[in-house]
Amino acid sequence: MYGLRTLFSLGLLVGGARLGARVAQVGALGGTCPLGQGLVADGNSQCKQFRTGAAMERGLRYLSQEEAQAVDEELFNEYRFSVDQLMELAGLSCAVAITKAYPVSSFTSNLPTVLVVCGPGNNGGDGLVCARHLKLFKGYEPAIHYPKRPNKTLFENLTTQCQKMDIPFVSEFPSEPEVIDGAYNLVVDAVFGFSFKGAVREPFGNILSTLKRVTVPIASVDIPSGWDVEKGNPEGIQPDMLISLTAPKQSAVHFTGRYHFLGGRFVPKALEKKYSLNLPPYPGTECVQKLP
């Protein structure tokens, strides 16, 4: 995704012999890697080095599912962020990142259309916010497919906001990838986030199957839908762009697309320090940062 690669352990260089000892130790402990080590447990219960170039040289932390949930819980409970507040910041970050990777001038068709596919949870809410901001940005024409709408005020409000801004909702998802390729310049995958577990149920199974076969680029919000949060999914969709929110998740090491952005400039410094997130500095007033 993203020479010699440098491995840091809490900011200290780990030599080859010490690394070998650590790998053996972690394997004996069942494959969970120490926090802040720049390591991730693979399917063989061993740790492997993150291969993310300069990002990991700065010690950027990649989170497991449990760690990502813990960070979110602290944002909600300790720092008193609301769900809709974080959703707004996340969705805005996604829209801004898309404009940087896919400016309207790069679209091949005359109509700069973007299909935003939203799931039933918070990731889908991020997608609704993203679509609304894309509509406000000059030139983008988003459309939304939202097959499973939660019966909750937050999501009803987000849906109404998009409708009031004349963003069309696509009732039927095209089963043929050629239809999507011909109608849209970009697909935003906002189906499942890092909290998703278990088998993919319909209609999302067919949706992801179709997205695996499209040729237009896909931008995934936080996690490529259908991926294991920590192990990825080589048989799943392979997005051209990944927008990691708060901090990258461990599955991001398997991302091979062209654009990896970090979004959501809302993490308090004390929380960043507690979890050794080592987030890269955001330039100026930007809410996104491109990762190597």
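From the backbone N, Cα and C atoms, a Cβ is placed for every residue, glycine too.
On a predicted model such as this, the values are computed, not experimentally measured, just so you know.
Annotated features in Swiss-Prot:
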type: TRANSIT; residues: 1-52; note: transit peptide
type: DOMAIN; residues: 68-279; note: domain 'YjeF N-terminal'
type: BINDING; residues: Asn122, Asn123, Gly124, Gly125, Asp126, Gly193, Phe194, Ser195, Phe196, Lys197, Gly198, Ala199, Asp222; note: (6S)-NADPHX binding site
type: BINDING; residues: Asn123, Asp189, Ser225; note: K(+) binding site
Recorded (6S)-NADPHX binding residues, Asn122, Asn123, Gly124, Gly125, Asp126, Gly193, Phe194, Ser195, Phe196, Lys197, Gly198, Ala199, Asp222 - maximal Cα separation rounded to whole Å:
22
Residue among binding-site residues Asn122, Gly124, Asp126, Phe196, Gly198 with Cα closest to the Cα of Ser225 (K(+) binding site):
Phe196
For the binding-site residues listed here, Asp126, Asp189, Asp222, which shows the highest count of neighbouring CB atoms within 10 A?
Asp126
Using Cβ-Cβ distances, find the residues under 8 Å from Phe196 ((6S)-NADPHX binding site) that belong to the same chain and are at least 6 apart in sequence, listing them in sequence order.
Gly121, Asn123, Ile223, Ser225, Val229
Kindly assign Asp222 ((6S)-NADPHX binding site) to one of the three DSSP-derived states: helix, strand or coil.
coil
Taking the recorded K(+) site as Asn123, Asp189, Ser225, identify the other residues of that chain whose CB atom sits within 8 Å of the mean position of the site's CB atoms, giving them in sequence order.
Val117, Gly119, Gly124, Gly127, Ala190, Val191, Phe192, Gly193, Ser220, Val221, Asp222, Ile223, Pro224
Looking at Cβ-Cβ distances, which residues of the chain lie under 8 angstroms from Phe194 ((6S)-NADPHX binding site) while being 6 or more apart from it?
Leu63, Gln65, Ala68, Gln69, Asp222, Ile223, Val229, Lys249
